[in-house]
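According to Swiss-Prot, the features are:
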type    : residues                       : note
BINDING : 44, 45, 46, 47, 48, 49, 50, 51 : ATP binding site
DOMAIN  : 31-419                         : domain 'Helicase ATP-binding'
DOMAIN  : 435-601                        : domain 'Helicase C-terminal'
DOMAIN  : 632-667                        : domain 'UVR'
MOTIF   : 97-120                         : motif 'Beta-hairpin'
């Protein structure tokens, strides 16, 4: 059932009306927004429907919204849910488009310069462009993003000034259209028609807009007038509909008008002269020669093509900012009255605070040793105080708000009652001495009735040992750790839900934003070791992973009860008591969460393709930093593996190894091998 609200462009799909604490939470948050509160906190327990509450607040407020999540996995989950709540509105996804990213760096101790190397996910790049397009074009927009939103992208005013507006009966020559598309960084290719490409056949120009995944536009000119505009399917060529106007957006966020580029080139030349004078005065001749050679090459590319590799390092000059000013980011594209929701704020807020310094220390080496001009330091993420200054009205969303939210919340809205009547898990404390044997017997009980178990340990070593031990005793177990990429992590969670295995072992499971209704037991080993992984907030988050199951239980293995444990157990008991009282008062019988098992990043990643691209990019980067001796060893090893594969008739494997070998030999000998 769809519902609409006065003066709101959103149509909210409401499968059921708000229940439990949701109606009160929605009303109080809307009241806070109307009263002009800058910050509010939604303290919502696991399984209380925080995402549904957010969707209701967005629909009732009727303003564009930005939802920031701590990682790609959670962002994908939120994006999928928001698309279900707002199927007729613009729900967009803005995360880092790198499947793999090796930033430019210099290691002075080894005199080693590492070139920037990356593997860009085309589909996510298209979604990022679609996100900024929606923000510029419409009010009914919800953007789900990660901390990637605080990194510099092109200036909104430059980006907007480069838009090509096509209207029926407008006067426009074929040459003018082609020139404009070239300025917008579209490539002409009459053979391979893909995103960011146009093709020309006489007076017919086909354009595949960079922000569209499945629609292209055909422009038919007659006597230097736009005669007709048709949307068509780029794969089949089938005409979809005739339109009277169409807006083509630039193919990159870094696109810049020609006059701005020429102005920037002059400013870069001035900075280069000043920097070279400084190097000569300090007798740093190698650095001076290196900087001049690299910068002049970039300037030549910018004069000829309008852009160069690593153009983002000149973003300060291109946007006309002063030294030290913040770069334009996604937040600059937001409307002035937009709303911001920071999901899992206890993690996300600290992430935002940590980005600037890590980026700065890497770039300082590049500047000191003549690889980049000092202005490259201004191609950076926002500092925390700059982010604060740009924040629109904000709602922090967390089950365990941190100190920052407590200090900044105009009001704290609690959502402790679950509409399903589910009660917080029973928390038990058991001795450490017998923790592994006790865990084994608990696991067997749960597996026998088709339930799943999460186990969290303190160290990687212990997680690996425990996984091996459980596997030896016939338990179907997997191990989740930081080396597993986003796509594989999502698949492991999906496999656990499907019953491919029964026990998932990890170190910091709470970070993964796990939403697994099938989990009935969470076991926390060494719960009495005070520290980040066993703080009150971490314990509450981890205990909450069992809160979506009727028989949810959390076992804390400890020889003493620490202050953090005491507070976490006390808070869980308080929430249990409130839910039980609500259930009794309203005659509710708790029922488990039934959630369709689907790939939560459907439409965001092609899992197999992403994994293959990522692996190839990582291997290539690994080869580039190897010395000659290591490369020779690797060549011999791969040659042997290739011959063995061919002997065993594994020809596909042999072909992959052959390609790796060609790449290695090209690196080793500096030439491509001929067939």
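Heads up, the Cβ atoms here are built off N, Cα and C, so glycines get one too.
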Note the Cβ centroid of 44, 45, 46, 47, 48, 49, 50, 51, the recorded ATP site, then list each other residue of that chain whose Cβ lies within 8 Å of it, in sequence. 53, 399, 415, 418
Enumerate same-chain residues with a sequence separation of six or more from residue 44 (ATP binding site) and a Cβ-Cβ distance below 8 A; give 'none' if the list is empty. 25, 50, 53, 397, 398, 399, 414, 415, 416
Chain-internal residues, separated by at least six, CB under 8 A from residue 45 (ATP binding site): 399, 415, 416, 418, 424, 544, 547, 575
Three states by DSSP: which one describes residue 47 (ATP binding site)? coil
Average pLDDT across the motif 'Beta-hairpin' (97-120), rounded to a whole number: 80
So what sits near residue 48 (ATP binding site) in its own chain, CB-to-CB under 8 Å and at least six residues off in sequence? 20, 21, 22, 415, 416, 417, 418, 419
Quick one, of the binding-site residues 47, 49, which Cβ has the fewest other Cβ within 10 Å? 47
Long-range Cβ list for residue 46 (ATP binding site), cut-off under 8 Å, min separation 6+ in sequence, same chain only, gives 399, 544, 545, 547, 548
Give me the non-local Cβ neighbours of residue 51 (ATP binding site): same chain, 6+ apart in sequence, Cβ-Cβ under 8 Å, ordered along the sequence. 78, 81, 82, 85
